[in-house]
Each structure stands twice: as C-alpha cells, then as structure tokens.
Amino acid sequence: MASKVDMVRAATKLLVMVVFLGNLMIWTVTPTNTFRLIWLPKIRTQLNSTYFGLQGPTILIYTFPILFMAVLGCIYLHLGKKVNDSKALESINGGKQRLALWKKPMVVKGPLGIVSSIELGFFTMFIALLVWSLCTYIHNSFATITPKSAAEDGEQVWEAKLDSTALRLGLVGNICLVFLFFPVARGSSLLPLFGLTSEASIKYHIWLGHLVMTFFTAHGIAYIVYWVATNNISQMVEWSKTGISNLAGEVALLAGLAMWATTIPRIRRKFFELFFYTHYLYIIFMLFFVLHVGISYACIMLPGFYLFLVDRYLRFLQSRRCVRLVSARVLPCDTIELNFSKTPGLKYNPTSILFVNVPSISKMQWHPFTITSNSNLEPEKLSVMIKTEGSWSKKLHQMLSSSNPIDRLQVSIEGPYGPTSTHFLRYDTLVMVSGGSGITPFISVIRELIYASTIVKCKTPQIILICSFKKSSDLTMLDLLLPIAGSPNELSNLKIQIEAYVTREKQQPAKEQNAKLARALWFKPKPTDSPISSILGPNSWIWLAVVISSSFIIFLILIGIIGRYYIYPIDHNTNKVFSNSLKSFLHMLVMCVCIAATASVAVIWNKKQNAQEANQIQNLEVSTPNGSPLPSSFYNADRELESLPYQSLVQSTNVHYGERPDLKRMLFDLKGSSVGVLVCGPKKMRHEVATICSSGLADNLHFESISFSW
C-alpha cells in the first residue's frame with residue numbers, strides 16, 4: 001500500500017514540476033515580440049468568446065496553472081499523511097546528504113540575512129528574470145520609437161522613450177506582485193510542496209515587497225516626470241472609463257508607500273503596532289491596483305492573491321470562535337504557559353506556530369507563539385509559551401499574575417501552522433542552540449523525540465541543547481522540556497545533554513533568593529468555548545483542494561454569465577463601451593463571494609466532525625481544583641516534579657554562570673557523519689552559528705535556522 005501511495009505522490013509531484021517549469025517558460029517569453037505579436041493574438045482568436053472576453057486567455061495562461069498546482073499540492077500532502085512516519089527516521093545520507101550541502105548558508109550577513117545556496121540560486125534566477133524582462137521590453141519598445149513617430153504624437157524622442165520606460169517598469173513590477181502573496185498564505189499547499197513553511201518564507205515576502213515598491217515607485221515617478229515634461233499634468237487625476245485609470249494607480253501607490261515606510265527596521269521595531277495596522281492597507285492597494293490596470297491584465301497576478309484570499313477567509317472563520325483555555329502557568333522568569341483543550345484529531349509537528357488573540361487586550365492584534373506541547377504525547381492538550389517582552393505580553397502577564405486572578409480569559413486562535421515533516425530526526429546528532437525565549441521551539445522537538453524513543457521505540461539522535469539565559473530565574477523554562485501530564489515513565493532511550501549558560505550572574509544565587517515558584521491558574525471556560533480543532537488545510541488538505549477548485553469553477557461560471565448576458569450586450573467585446581472599473585469591481589466581488597460561500601460551506605460541514613470530537617472530550621472530562629471542566633490529560637498536572645522523570649533531566653544539565661557558550665569550539669568538537677544544527681534566538685547568535693556551519697571546516701554540520709520574524 002505504501003509503495004502505491006509513494007508512486008502516486010511521485011507522479012503528482014512530477015506533474016507539478018512540469019506545470020511549474022511550463023509557467024516559468026511563459027514568464028520568460030512574455031516580454032518577447034514572438035509572444036506578444038504572434039502567439040498571444042492567435043490564442044485570443046481561438047479563445048475569443050462572449051463569456052470571458054480578453055481575460056479568458058489571461059486566466060488560462062497565467063491563473064489556471066497556479067491554481068492547478070495548488071490543488072495537486074493538496075493531494076500530494078494528503079497522501080503524504082498516509083505514508084509511514086518511520087520514513088522520517090531514516091539517516092541522512094546519499095541524496096539527502098547532497099541536498100544538505102545545498103542547504104548550507106551561503107550568505108550570512110547583509111540585506112538578505114541568512115541565505116542558503118538553493119535560496120541564493122533561486123533569488124539570482126528571479127533577478128535575472130526581472131532584468132531580462134525589463135531589457136527585452138525596453139529594447140523592443142525603443143525599436144519602434146523614431147523621431148518621426150515621436151513627432152506624430154507631439155513628443156520629443158526622449159519623452160517617448162520615458163513614456164515607454166515608465167510603462168515597462170510597471171510591467172516588471174507586476175511580475176514581483178505575482179509572487180508577493182504566496183509566502184503569506186499560512187495554510188498554503190504550495191509552500192510545503194517545495195519544502196517551505198510560512199514562517200521561513202516571510203523573508204521572501206519582504207524581498208518581493210521591496211522589489212514591488214521599487215518598480216512601482218519608479219513607474220509612478222517616471223510618469224509624473226513625463227506628464228510635467230509634456231504639459232499633461234492633468235493626467236494625474238484622470239479616471240478613464242475604458243482605459244487605464246491614473247488616479248486609481250496613484251491611490252494604490254500611496255497605500256503601498258505607507259506600508260513600505262513602516263517596514264523600515266527602526267520604525268518597525270519601535271512602532272510595531274503602527275507597522276501592523278498600516279499593513280491592512282493592502283486591501284486598498286490591491287483594490288485600486290485592479291481598478292488601475294483593469295481585470296483583464298490583473299488576472300496575471302490573480303492566482304497568488306486568490307490563494308491568499310482563500311487562506312485569509314479560512315483563518316477569519318477559525319478566529320471567530322472562542323477556544324477553551326483551561327489553565328495557565330506563570331513561571332518566575334516572567335514567562336507564561338497557556339494550556340488549551342484540543343480535539344484529538346488535531347495533529348501538528350514540532351516547531352509549529354499558533355497565532356493568539358486576547359480581545360480584552362486588543363481585538364486587532366494577533367501574536368505568533370511556538371507550540372510547546374506534542375500532539376502524540378498530549379492528544380487533548382495544546383500549550384504555548386509566552387515570554388514577557390512587548391507591551392501586549394506584559395499586559396497578559398499582569399492579568400494572570402495579579403493578586404486577584406481572573407477565572408476566565410477569552411482567547412481566539414489561528415492555526416496551528418508548521419512544517420509537514422520532522423526531517424531533523426534523520427540526523428545522528430541534533431544540536432539545538434537557543435537564546436532566551438528561543439528555547440521554545442526546541443521544547444516541542446525534545447517532546448517529539450521522547451515520543452519517538454519511548455512510544456514508537458525508534459532510534460533517535462543524540463540531543464545537545466545549548467541554551468543561553470540572562471538570569472538564573474530563566475532556567476525555569478527548562479521545566480517545560482518534559483510534558484507533565486502523561487509523561488512516559490522511561491527516558492533511558494533518550495540521550496540528552498543540556499549546557500545552560502547564565503550570562504549576567506557570576507554564581508548560583510542563594511536558595512532563598514530563588515525561592516519564587518511557578519504559579520498555576522485554573523480557568524472556568526464557558527460551555528460555548530470550543531476545543532482547538534483543525535483548520536482546513538494543514539489537517540484537511542482534501543477539503544482545501546475542494547474549496548480552491550469549487551470556488552474557482554463557480555467564479556468562472558458566474559463571470560461567464562455576467563459577461564454573456566450583461567457586459568457583452570453593451571460592449572460586444574470592443575472594450576470601448578462598458579466601464580472598465582465596473583467590470584473589474586464585479587469580478588473582484590464575484591471572486592470574494594465565491595470564496596466566502598464555498599469556504600463557509602466546507603467549514604460548516606467539518607464542524608459536525610469537530611462537534612463529535614468535542615463531545616468525546618466532554619465525556620472524558622474531570623474537575624479542576626476550582627470545579628471547572630478539564631480533559632483527563634490535564635489531571636494531576638500539579639504533581640511534584642520529583643515524581644516524574646525530571647530527575648534524569650536534571651542530571652543531564654550543566655549550568656555555567658557568568659560566561660557565554662564557545663559555540664565554535666563546541667560545534668567543531670562534535671563527531672558523527674551528520675550533525676543537525678538548529679538555532680533560534682537573537683540575530684547575532686543565528687549569524688554566528690550560520691558562519692560556523694558554512695565555514696567548510698566541518699562538513700558534518702547541517703544548519704537549520706528557526707527565525708520568528710512575524
């Protein structure tokens with residue numbers, strides 16, 4: 001059975017790669033005269049219809065292939081869940097070893113951050129595509145500009161060339177816009193298909209955002225200069241009925257510039273909320289961009305935005321529910337652990353992320369936190385750890401640590417989101433380097449290895465955890481490494497060594513100074529609070545495929561009806577009578593309605609299964625110390641740590657005071673053919689570890705950065 005599934009997955013991925021390469025070929029030939037003057041007119045002649053008009057060929061060439069790949073990706077990932085998980089435990093050799101070499105950091109410092117060889121290669125090819133497109137566009141257009149042709153239009157040659165260049169800058173900027181929304185679709189099937197996560201892809205969104213605004217700003221400035229030079233400044237306020245709407249483009253550009261300005265690192269760090277709220281201007285940006293260029297051309301960038309809208313609406317539906325927050329633990333190091341009830345069917349991998357919203361603090365703010373629990377060891381529980389660092393987390397800490405504790409906290413969530421595989425289990429040795437709250441993702445990794453070694457009885461890599469803290473009170477974060485509820489009784493199969501460094505204290509403080517203990521809070525959830533259940537996508541790939549395909553089919557049917565029986569009788573495919581802005585608005589409205597309708601039906605249908613699982617949880621519930629219902633897996637969560645396998649963990653821990661870890665020496669001293677190096681923490685620490693792994697002095701080191709840059 002497994003071999004058949006593997007064959008189907010291989011065939012599916014091969015088909016995706018063929019479509020992907022074909023799509024790249026289309027983008028390569030798009031700026032050429034062969035495509036624009038020969039191929040495209042023939043395609044439009046063959047596909048000209050009263051139903052879709054000019055946007056029909058554009059949808060077929062640019063939109064359909066991407067959405068087709070997204071649906072195939074859902075099928076591929078769904079089948080991947082059926083493959084035996086033990087394959088993730090295979091050693092990293094052969095082809096995997098060669099792939100690991102390509103994933104080594106090539107660039108560590110600079111504007112791009114830590115970039116692997118594969119990333120640098122794709123980035124170089126993408127820049128080459130932009131350069132090729134711009135040069136080809138300009139070369140072909142300049143070839144048609146002569147003193148005679150310019151004089152016929154009442155222009156000088158340089159003015160005609162400036163007009164042409166301004167247009168081509170916008171065309172190339174649209175290529176960047178095509179890919180801009182793929183990295184921010186958190187439940188996307190395309191990202192995991194290429195081995196990416198939404199978190200790791202945020203940097204691609206940042207790169208693309210800078211490129212988009214660079215080209216569009218140059219596009220706008222060039223046109224303003226052209227209008228001033230030709231005494232046509234009134235063109236700035238023109239809103240053409242059937243052509244390009246300049247005013248709409250300027251509104252889109254202003255919205256984009258506002259977003260771009262708040263991404264300056266100093267502004268983003270100091271005024272994060274300004275950056276966060278300003279980014280909602282993407283709605284204005286996209287709406288007026290479509291009104292500016294018209295729906296026929298906007299269909300080129302439609303697929304990425306379409307998948308983003310599907311993902312965004314599914315997240316919206318999930319975030320409307322209040323989830324069941326059962327308990328919280330306030331640690332002495334100003335750190336909070338929130339424990340939620342979840343349905344047993346919700347599965348997630350280590351280093352997954354959950355977005356949390358507390359309406360009593362802010363109805364708009366959503367903050368990402370790494371999940372520390374393990375869905376295999378703790379089937380009815382999901383936990384996140386929150387370090388008190390920003391204003392939002394400080395307010396939450398004050399609410400939970402006050403002398404008059406609250407008995408219920410309303411919380412909404414989005415997610416979880418994370419990697420589709422646990423590839424780190426393939427290494428012989430696994431080194432995890434963390435700084436401060438960067439230890440959070442490694443808690444889930446260690447719990448996964450506990451599950452693999454004690455329950456599955458698989459061979460697991462040797463674990464070396466190197467963690468740095470500012471104060472000794474932060475050492476209490478190590479208490480979260482072992483799951484208290486449902487802990488395995490035997491940890492002898494797990495080889496773990498912990499090197500903890502307290503950098504700002506010279507010696508261990510006296511016991512009375514460090515006597516502050518963790519505080520547990522039990523809440524009384526409302527009956528309407530539901531356990532966390534899976535979102536369509538990461539846990540229901542087939543349903544996501546159904547939503548994408550059905551919504552798009554319905555969209556095509558509806559716009560075909562509108563085109564045939566409303567637009568065509570007025571315009572007759574001349575594109576000179578019917579309002580371009582109204583046509584664009586109708587298409588955007590129909591697209592949003594189709595996505596909302598199909599996604600809502602799918603979510604309502606899946607609620608039945610989730611409700612059944614929620615009833616099963618309620619039947620298993622016992623009472624907490626304050627009488628509130630609690631799943632059985634939470635029972636005895638306040639047991640003394642000495643009664644758990646915690647002592648074996650303490651014996652494996654070495655604490656160093658007043659010093660920082662010598663990472664170069666520690667990593668170079670490691671033996672073994674394959675050593676996975678995961679790092680999560682301050683930027684300087686990540687760069688240091690990446691530099692060591694990419695130095696070439698130790699070929700057995702394989703770098704993996706876990707950077708939370710949301």
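Cβ atoms here come from the backbone N, Cα and C positions, even for glycine.
Bear in mind that TrEMBL entries carry predicted annotations, made automatically and left uncurated.
According to TrEMBL, the transmembrane segment annotation covers 14-39, 59-79, 112-132, 166-185, 206-229, 244-264, 295-314, 541-565, 585-605. The feature domain 'FAD-binding FR-type' is assigned by TrEMBL to 318-423.
Residues 206, 209-210, 212-213, 216-217, 220, 223, 235-238, 271, 274-275, 278-279, 281-282, 284-289, 291-294, 580-581 of the same chain lie 6 or more positions beyond the ends of the transmembrane segment (244-264) yet place their CB under 8 Å from a CB of it.
Fewer than three CB pairs closer than 8 A are found between the transmembrane segment (541-565) and the transmembrane segment (206-229), and contact between the two stretches is not assigned (pairs 6 or more residues apart). Long-range contacts of the transmembrane segment (206-229) within its own chain (CB-CB distance under 8 A, at least 6 residues past either end) are made by residues 112, 123, 130, 159, 162-163, 165-167, 169-170, 172-173, 176-177, 179-180, 183, 235-236, 246, 249-250, 253, 256-257, 259-260, 263. Secondary structure of the domain 'FAD-binding FR-type' (318-423) per DSSP, as helix, strand and coil residue counts: 14 helix, 39 strand, 53 coil. In this chain, the transmembrane segment (59-79) touches the transmembrane segment (295-314); three or more CB pairs sit within less than 8 A of each other, excluding pairs fewer than 6 residues apart. Packing against the transmembrane segment (59-79) from elsewhere in the chain are residues 5, 8-9, 12-13, 15-16, 19-20, 22-23, 26, 43, 47, 52, 178, 188-190, 192-193, 299-300, 302-304, 306-307, 420, 541-542, 544-545, 548-549, 552, 556: each is 6 or more residues past its ends and has a CB under 8 Å from a CB in it. Within the model, the domain 'FAD-binding FR-type' (318-423) carries an average pLDDT of 86.
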